[in-house]
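For reference, TrEMBL has these:
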DOMAIN    15-216  domain 'Heparan-alpha-glucosaminide N-acetyltransferase catalytic'
TRANSMEM  21-39  transmembrane segment
TRANSMEM  51-70  transmembrane segment
TRANSMEM  82-103  transmembrane segment
TRANSMEM  109-128  transmembrane segment
TRANSMEM  133-153  transmembrane segment
TRANSMEM  176-201  transmembrane segment
TRANSMEM  213-234  transmembrane segment
TRANSMEM  290-312  transmembrane segment
TRANSMEM  358-380  transmembrane segment
REGION    401-430  region 'Disordered'
COMPBIAS  404-417  compositional bias 'Low complexity'
COMPBIAS  418-430  compositional bias 'Pro residues'
Amino acid sequence: MSVTAPTTSAGRSDRVLGIDLARGLALFGMMATHILPRIDEAGVLTVVGHLQGRASALFAVLAGISIILSTRTVLRVPGARAWSAAAGLVVRGALIAVIGLFLGELPSGIAIILVNYGALFILAPLFLRFPTWLLGATAWAWFLLAPLVSHAVRTGQVGDTDLVMPAFTSLAAPDMWIGLVLTGYYPLLQWLGYIVLGMWLARLDWSDVQSRIALLLGGIAAAVLALSASALLMNLRGRWELESLYGQQWDTGPTFVDEVLLLGAYGVAPADSPWWLVVAAPHSGTPVDLVQTAGTAMAVIALCLLVGPALARGPVWLHAWLSRPGSAPLSMYTLHICVLAAVGDVPTLLPLPGVGTLTQWFLLNIAIVIAVAVLWTWLVSRRGPLEAIMTAAVRAVQRPLVQDPRSPAPRAAGPISAAPPPDPSAGPRR
């Protein structure tokens, strides 16, 4: 797959739609894990259970793609305009984090991703000047090595640490900052790899069907290889080692190891045995978890890029229900969290046969997000309201950094948009 390609207006439009579709899927996937059960009455993972960890990882990889799409034009010009691109990312990240701190104050019961997400934007300028090959090498090496560093730093940790939700009222708590970087739901030490992966993917040539198929197959291969390696190592010795360490905690029912393997951890796996590093549990932050979620994200993005051209040629209603929320993801995520916090307990809805209360509540949340996104982007602006505010703030900061006052300011992006650029068991849902 080459790293440069001629770009046509139609090609750009197809790719923008594809990225919007992928962001819509990531948003809806996270909403599903926030509301719907992850295991059924028999203790088997549901479809939503399989989305756990994957939807939020896709969200982060897409952020990396948006970072490159929103800065590559200005980065071609050295000097002040290049510095303005970095400043724009820092401002965007800070504003996203502030929104996340506000949402952290709400009684939503959700592990808010936005503070960590904003911090990733602030760190992204460190990688803007990396050549394409180095971005790719850094991303995959990060997935393999960052969990080892985390495990070494946390050696001896058993179970979960004291998890403190990022919020204005927790800013003075040391555990909040430790969680942000190392032990929280979305630890920066591991999650930075997703951003770098997205930046690498954005540098590749997606202009033809063959390159998109290659991206699809590469993502599937990475996920299958990681999961297969985990299954092999766990069956050979890993599960026995972990069960021997913890033993059977109850006379009947699952062990602690069973709980983690099925339902996942809370950002990182325990660090009292190196065998935890080979588990594929959701939100465990192991090399296997990071590689398989990264591969899944690549495959989903490739599928959306493959169907984008066909949908772009059809009527808007075929994709608007997914692409319009995907074009304003920060606003729609914030709306979703606010709805959950405002309503509190799941409301009693219509007694529809065969459709449970949680399913109805999920569908109602989806309907609210779709309706608001479609109406806003149709009647007001292609950017969501929060994306528009952020764009104005970024431009205000970037403009003085441009040396030549006659040249236009760099195009600002929404926090998770491509062009314009703009997630559990007990405990908060992720």
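Using N, Cα and C of the backbone, Cβ positions are placed for all residues, glycine too.
Worth saying up front: this structure is predicted, and the values here are computed from it rather than measured.
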For the transmembrane segment (133-153), the distant same-chain contacts (Cβ-Cβ under 8 Å, at least six residues beyond its ends) come to 127, 182, 187, 189-190, 192-193, 196-197, 199-200, 203, 268, 271, 274, 276-277, 285-287, 290-291, 294
Hey, which of 51-70, 109-128, 176-201, 290-312 has the most Cβ-Cβ pairs under 8 Å against the transmembrane segment (213-234)?
290-312
Quick check: do the transmembrane segment (176-201) and the transmembrane segment (358-380) share at least 3 Cβ pairs under 8 Å, counting only pairs 6+ apart in sequence?
no
So which of 51-70, 109-128, 358-380 is most in touch with the transmembrane segment (21-39), counting Cβ pairs under 8 Å?
51-70
If we skip the immediate neighbours and take only residues 6+ beyond the ends of the transmembrane segment (358-380), which ones have a Cβ under 8 Å from one of its Cβ atoms?
27-28, 31-32, 35-37, 320-321, 324-325, 327-328, 331-332, 335-336, 339-340, 346-347, 349-350, 352
